[in-house]
């Protein structure tokens, strides 16, 4: 009877995580085929198809896709940290009666859909968008700036989308700090900035690492933002995977990409879990 | 000259007055305890001296210099926090060295002074431990070493023994006293525990509602409380209401008796204090002043004595001490005759 509450999540995990994962793994070692669906599962006669994974290792295009994803996710993580730290600090130091409102403001973007928010960015950034129209109208520029479909636009969209994921763990870790610690530092001769650097910052590091990983992990596989805001050259894993699946109809290679991405993310996920266990 | 002088300090939090025109002097090398209940302003006083709170009016003079404008980090005094406030990410040695690093003390001297401070609190061998691996008593010592390592002339201690269990508290109290003598620093220690305040201090200052009600050597404050509050707070004296009879005595209707002190009771006397242990049980009724009788309502055994609650003839409930060597205490419901010496009667002015 006591195990019963565990049964439901176990069932959920089995049906919606384990089974699809097995399907994807099976797909990744399948043979491409003409027809619908466009693959043939490995069998006793044919053995398994090692070519999709071999291709990932050989073709620099795929290697760059992974490298690009890591760099973009890492960059997004750092940008989010840089913005989230002052925000979280502000939240912790705000008067208690303002805190719920400020927290709600951090979460406000979640109240609207993800795609409309990207649409808003497109509306701002495109050649005929608000920013270019304004600058042209003021006479500051002669021709529209190529804002959209650029790396800055990509990072802008990514940072905007993932910022709340960084604010919340940082806020949680900063709000757990006893304010008396900074008083103790001051009593021992530390000025405000020194107390921050020697006491508050080191104690907030686990929270900062958690915030970074919470952004990095989903950002590494991001497809929509690079597609809608980024430059054509931003061929990151998510986008390449989409292309293999829907444009090349090469399901085994797409599945191999998915499995490789998962393996790559296991390291930061384990790191994150160890960090959380320690806290 | 006084090391620290507080002059007319006023501090309010909203509608509550934490400090109400408080004056206090602390001599160099003195061990002063600030005794008061919660909300008496004792912790606020400490925080004003440390610089974490600003008084609305009044002056804080350290060696004659007004330090109101000096921020906490620049005040030449240290504080030991009630929660100890150890830095959880720093080792024992790192915690103790923190203040020396802020003063840019060279590495070699820093190491030497950290070792000295840890030896002072008998924590050698714990240098590399992180605070979460220390017991409560060890944390308390680290906090003490950290506060003393900068050799302050004034150390503020906010309930330093409050988080320790009872047997450790007594031992640590003696250690505090010894440390204070050894370092020669003046200690201002906040406590709500009267035994602690009396046992450790050179001088006890009793605070009530942000005012200093009485200050003096422990024995003097204990034996000659100035007000009802001090009498009740220290040693749980009986506070007997009534009025001066105009002939040097004090009429107490609650006891149906007249009280006489050693000197004639003056007209400003508001009440009289009478300590439980100064009241003796008599086999037969005694005529005259300083005697009463009543019925025992409760008997509580306390180890070296018993405490009786006696309903006196006039309706007052008296706390009466009964020493073990005087034999078994009278049973509940029995009538007892009470008497006390004039020296035990302390007129109170407020």
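Including glycine, each Cβ sits where the backbone N, Cα and C put it.
Note that TrEMBL annotation is computational and uncurated.
Per TrEMBL, these features apply:
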type     : residues  : note
DOMAIN   : A:66-272  : domain 'ABC transmembrane type-1'
TRANSMEM : A:65-89   : transmembrane segment
TRANSMEM : A:101-124 : transmembrane segment
TRANSMEM : A:130-149 : transmembrane segment
TRANSMEM : A:194-217 : transmembrane segment
TRANSMEM : A:254-272 : transmembrane segment
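Long-range Cβ contacts of the transmembrane segment (A:101-124) within its own chain (Cβ-Cβ under 8 Å, at least 6 residues beyond either end) map to 87, 90-91, 94, 130-131, 148, 153, 156-157, 160-161, 163-164, 167-168, 171, 224-225, 228-229.
Beyond the transmembrane segment (A:254-272), the same-chain residues lying 6 or more positions past its ends with a Cβ under 8 Å from any Cβ of the stretch are 21, 24-25, 27-28, 30, 52-53, 55-56, 62, 65-66, 69-70, 209-210, 213-214, 216-217, 220-221, 237, 240-241, 244-245. Below 8 angstroms of C-beta separation, residues 122-124, 229-232 of the same chain, each at least six residues beyond the ends of the transmembrane segment (A:130-149), sit close to that stretch.
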